[in-house]
Every structure is written in structure tokens, then in C-alpha cells.
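Per TrEMBL, the features are as follows:
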- B:12-30: transmembrane segment (TRANSMEM)
- B:99-302: domain 'ABC transmembrane type-1' (DOMAIN)
- B:105-126: transmembrane segment (TRANSMEM)
- B:138-159: transmembrane segment (TRANSMEM)
- B:179-198: transmembrane segment (TRANSMEM)
- B:233-259: transmembrane segment (TRANSMEM)
- B:279-305: transmembrane segment (TRANSMEM)
Amino acid sequence: MSVNVNERSGLADRRPAGDDGGHLLEVRDLFVEFRTRDGVAKVINGVSYHLDAGETLAVLGESGSGKSVTAQAIMGILDMPPAVIPSGQILYRGTDLLKLPEEERRKVRGKQISMIFQDALSALNPVFPVGWQIGEMLRLREGLSRAQAKRRAIELMELVKIPAARQRIGDYPHQFSGGMRQRVMIAMSLALDPAVLIADEPTTALDVTVQAQIMDLLGELRRDLNMAMILITHDLGVVADVADRIAVMYAGRIVEHADVHSLYEAPAHPYTKGLLESIPRLDLKGQRLTTIKGLPPNLMRIPSGCPFHLRCPYARQECVDVVPAVRSLGGDRTSACHFAQEVIDGRL
Amino acid sequence: MFRYIVRRLLQMVLAFFGTTLIVYALMFAGQGDPIQALAGERPVSAAQRAYLTEKFHLDQTGIGGFFYRYFDYVGNLLRGDLGDSLTGRKIGDMLAQAWPVTVKLAIIGLLVAILVGVTAGVIAGLRRGGIFDNATLALTLLVLGIPTIVLAPLAQYFLGVKLPLFPPTAGAEPSIYALLLPGIVLGSLSLATALRLTRTSVAENLRSDYVRTAKAKGMSVRRIVSVHVLRNSLIPVITFLGVELGNLMSGAIITEGVFNIPGVGFNLFRGIRTEDGPLVVGLVSVLVVVYLVSNLVVDVLYAVLDPRIRYE
């Protein structure tokens with residue numbers, strides 16, 4: 001499973017990563033809307049982030065913040081309609097995926113960028129054996145024979161540490177435990193040696209102990225296979241050990257972006273601060289858990305100004321009137337708050 | 001699976017006795033004078049009455065006599081002897097003649113339902129809300145709304161008489177061609193249901209998470225639809241069609257009546273009209289077996305199609 005960038009077919013041959021100083025994957029000012037009968041929901045409102053080879057970016061946010069939709073836009077698996085992408089770019093090794101014809105785009109999926117989903121039970125096809133589902137990619141995409149695909153599927157299942165992989169290759173998804181199913185999902189996503197793995201809340205549907213095992217496995221695989229990973233989660237606890245950088249999303253925007261240490265040390269956005277304060281802490285036993293008041297905004301009627309102002313303890317008139325620009329705070333660090341510096345310094 | 005089938009077969013024995021008993025009771029328990037019913041309007045001589053009483057064990061009266069005759073009948077049935085119709089013909093022979101016709105008709109009906117219904121259902125499901133989907137919705141509602149007793153004569157009149165594409169009636173030993181129009185009429189109801197079922201199932205499966213996964217795996221739309229979605233969508237459809245085959249095999253009383261097809265339904269209808277008890281009970285007993293077997297086949301098929309179903 002050694003990953004050599006130059007051996008990759010298709011896009012990789014044309015543009016090896018980093019030869020123009022660009023990123024492996026870059027989302028630029030992406031907008032996504034869902035046009036339904038009830039109105040237009042502005043789900044993604046100008047999201048930009050990037051990912052370099054071998055690193056892990058955590059995308060953090062509540063349900064409906066747009067983190068999964070961004071990932072699905074990268075994969076090109078949004079249902080369009082109702083989804084529409086009015087503007088934006090998704091650059092993979094310098095090529096805008098949004099401009100590729102569908103047939104070209106399809107070849108990127110699984111082979112360059114692959115994805116694992118939250119609920120492996122529903123994400124796997126219930127009527128086919130797991131080995132068949134892993135092997136399907138190898139047979140159809142790589143032209144492997146049935147026997148070759150089966151051998152490779154066993155290897156992949158062993159790679160993700162499924163016990164007795166050889167015996168279990170013919171089992172169906174419902175015959176596996178939740179953790180093992182997610183491992184099957186991961187094995188499938190690795191089948192074509194992708195350069196980027198998008199993990200969309202990979203542990204949300206699992207028990208806490210199993211969550212840790214899966215996160216360890218993902219971290220280990222990412223290192224061993226030298227992949228880049230986008231980890232989508234709403235769980236700040238999951239992020240700290242695994243991620244290099246964190247992008248915090250709120251109402252379809254990235255409100256804060258920073259490396260893990262800076263963000264945990266001093267958040268630059270009141271929303272991030274609220275998230276950090278709402279992590280249960282052992283040393284504050286017996287006290288009431290801090291929460292962020294209110295609910296995420298209705299994406300069909302996003303509030304004026306800063307979308308977080310209704311829930312923000314520091315909101316002022318300026319926040320109601322003016323949409324805060326994404327301001328740079330040195331290095332890679334950005335925040336979309338009028339008072340970012342004050343929040344960092346703890347002056348608010 | 002093996003144990004399940006054995007258990008089901010044992011249940012079938014019970015179901016067989018239960019249904020034949022009920023049909024037997026319905027047909028004979030309330031009958032005033034079966035010998036007079038047999039003779040119709042004609043007078044019955046004392047000698048004839050004595051002979052028939054002896055033959056049909058009518059000397060035993062009351063509930064004991066009823067069960068005596070029922071078990072006598074079932075005993076014969078299990079030996080393969082369906083008995084005689086009141087018209088004097090062997091019911092076994094009548095069945096041997098009627099059955100192939102009904103089976104042919106049922107297969108034509110089912111093929112129509114599968115070929116047209118499932119195909120159109122898949123297309124409608126893929127293009128939900130489109131013109132094709134709405135047109136088939138209206139058409140199937142129309143077909144489902146019209147009873148066969150209206151649809152069959154209409155088809156016969158327009159496609160058999162006015163525009164003679166098909167023979168209007170089938171006759172004694174009908175050809176496949178003569179059975180085509182009745183088969184389509186018979187199958188149209190199953191077709192409409194199969195279409196709606198397929199359409200809903202396909203549309204639902206298209207939205208499922210595993211389709212999103214298949215897309216993320218870089219599978220083509222054609223592959224996703226023809227392998228992933230179809231296999232899942234057809235599970236309820238095949239279950240329905242299996243049960244429907246049992247229905248069609250048990251004879252289409254109205255369709256066979258209108259098109260004058262000498263099948264099982266036609267004979268059954270005649271038996272009921274002429275109060276031919278032995279014929280009705282004989283036919284129904286066989287139909288019960290056909291129905292039970294086809295249901296068992298469907299249940300086994302269901303487990304084969306959907307690995308999540310395991311009967312243990």
C-alpha cells in the first residue's frame with residue numbers, strides 16, 4: 001500500500017502535487033444552495049479551506065452548519081437538484097473539479113478522494129456481502145478479476161484489523177458489529193489508494209470505546225498510507241489528538257480557522273469559545289455545564305450581519321448590521337468576528 | 001432454512017385441512033336435499049334415492065354424518081381421487097383439461113405484469129415527478145379503478161369486435177394467440193400494482209445512503225441503478241408477484257367467463273352456479289394447495305433475495 005504520488009493515474013500525471021506551490025485540495029469561496037418548494041436554503045456561504053498532502057484538517061460544527069455538504073460537494077455526490085452550486089471552485093492538484101465533465105469527475109472519486117460516512121449500516125448495501133462491496137471497486141475501476149478482487153478485499157479487511165477477515169468476507173453488513181462495519185467502510189474507502197480521505201462523522205454512530213478504536217485506526221492508517229484527511233465532526237474531544245488544523249463552521253461559513261494548539265489555547269471566535277466551554281470537564285465536577293444558548297439559524301432566513309449575533313454573548317450593534325469579514329490573525333489563522341483580537345486576548 | 005421449510009410444510013397440512021373443511025361445510029352443511037339438488041327439477045325415484053344415499057353416505061345424519069362424509073372425501077382426495085362431479089364426469093379429468101389453459105393464461109398475465117409493469121415502474125421511479133411518471137400514475141389509477149367485469153367486456157368489444165386484432169372469445173382448446181387479450185386484461189391489474197410498487201421502491205432506494213456510497217465509490221449511474229438499486233427495489237416487487245402468481249393460477253372467474261375460456265375459474269363458476277358441490281369443493285381443494293405452495297416459494301425466495309431475512 002505504498003503511496004507514490006507519481007504513480008497515480010489521471011489527474012496526478014498531469015499535475016503532481018505542489019509543483020506550483022498550490023495545495024493538494026483547495027475549496028475556494030464555495031456557495032451551495034438547496035432550492036426547494038419552500039424556498040432557497042443557503043447552506044454554504046463562501047467556504048474556503050485547503051488541505052496539504054499528509055495532513056489532517058478537522059471541520060467542526062453543529063448539525064446543519066454545512067460541514068457535510070461541503071464534503072459532498074468536494075466528492076460531487078450532492079443531489080443536484082435540489083442542490084445548486086452558484087459559484088466557487090474546488091481545486092484538486094490545481095484542477096477545478098466543478099468544471100470537469102461527470103465522467104472525469106467519477107474517476108476522481110474513490111481513486112483520488114474517497115469518503116466514509118457516519119452510519120455504516122445504512123451506507124453499505126444490505127443485500128451484498130462486504131467482500132463483494134469492497135471488491136466491486138477493484139473489479140470495475142481497476143479491472144481486477146473476481147479472484148484477485150477477493151484476495152485484495154481480504155488484505156484490505158486485514159489492514160483495518162477485522163479479525164478472521166478471510167472467513168468474514170462473505171458476510172453481509174448486518175452480521176457485523178457497528179465498529180466492524182465502520183472498519184469495512186474504511187477498508188472500502190482505501191481500496192483504490194486515495195490521496196485524500198474524507199471522514200464524515202465516522203464515529204458518531206458508535207459506542208465511546210469503539211469511537212476511540214476507530215479514531216486510532218484512522219490516525220494510524222493516515223500516517224502509514226501518507227494520506228491527507230478531512231475529519232468532519234461535531235465532537236471537539238475527537239479532534240484534539242488527530243487533527244493538525246481546525247476549521248470551525250457556522251451557518252455555512254468558516255468562522256474560525258487555526259492550528260489545533262492555538263485554537264484550544266485561545267479561541268478567536270465567540271462560537272469556538274462557546275464550544276470549548278461546553279466540553280464537560282472533570283475538574284469542574286458538580287457545576288452546571290455551560291451551553292451555547294439558542295439554536296442554529298434557519299438557513300432559509302439567515303440573520304443579518306454576523307449569523308451568530310443572536311446567540312453571541314458579546315454581540316453589539318455592529319454585529320447586527322455588518323457581516324464580519326474573514327480577518328487574518330497571522331499565519332494560517334483567521335476569524336470571522338468583528339472583535340476577533342479581543343476574543344483571543346480574553347478582553348471580552 | 002431447512003427447518004423453516006419443514007415447519008412451513010407442517011403448517012400447510014393444517015391449513016389444508018382447515019380450508020377444505022370450511023369449504024366442504026359451506027357447500028354441504030346447509031344443503032336441504034342434496035339428491036334433489038342433483039336431480040334439479042326432475043322427480044327422483046325411490047330406487048335412485050336409495051342408490052345415491054348409499055353412494056354419498058347420506059344415511060348418516062347430523063354433525064357425525066357430516067364429518068364422516070368429510071373424512072371419507074379427504075381420504076379419497078389424498079389417494080388422488082377428486083371424486084365425480086354431479087354431471088358424472090371425473091373431477092380429476094376436468095382439472096387435467098382446465099388446468100393447462102389457466103396456467104397458460106396466468107403466465108401470460110404475469111409476463112405482461114413483469115415486462116411492462118416492472119420496466120415502466122423502474123423508469124417512473126428514476127424520473128420521479130416527470131411526464132412519464134405522471135402519465136403512468138394516471139393510467140394505473142384508471143386500471144385499478146375499473147373492475148375486471150367492466151374492463152374485460154370493454155377490451156373484448158373494442159379489440160376483439162370493433163377492431164378485430166384478437167379473437168373475441170377463446171373456445172374449447174384455445175391457442176396462445178387467443179389467450180393473449182384475456183391474458184393482458186387479467187395481467188393489467190397486477191401490472192398496475194407492480195408498476196406502482198416498483199416505482200415507489202426505486203424512488204425510495206435512490207435516496208438511500210448506500211446509493212450515496214456507491215456514488216462515492218465512483219460507480220457509474222448505470223451500474224448504481226442496474227445493480228445496487230434494482231436488487232434492493234425488486235425485493236417487495238417479487239414478493240408481490242409471487243403471491244399474484246398464486247392468485248392468477250387459481251383461475252380468473254370473470255376473465256375466463258367473459259372470454260369463454262375453459263379454465264379452472266370457468267369450471268368453478270359453473271360449479272357454483274349449478275350448485276355442483278363435489279366440483280366446487282374439489283377445485284377449491286386443489287387451489288388451496290397451489291396457493292399454499294406458491295406462498296411457501298415466495299417466502300423462501302424472499303430469504304434468498306434479502307440476506308437480512310433468516311427463518312430460524
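Every residue, even glycine, has its Cβ placed from backbone N, Cα and C.
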Within this structure, do the transmembrane segment (B:279-305) and the transmembrane segment (B:179-198) have 3 or more Cβ pairs under 8 angstroms, counting pairs 6 or more apart in sequence?
no
Counting Cβ pairs under 8 Å that are 6 or more apart in sequence, does the total for the transmembrane segment (B:138-159) and the transmembrane segment (B:233-259) reach three or more?
yes
Are there at least 3 C-beta pairs under 8 angstroms linking the transmembrane segment (B:105-126) and the transmembrane segment (B:279-305), leaving out pairs fewer than 6 apart in sequence?
no
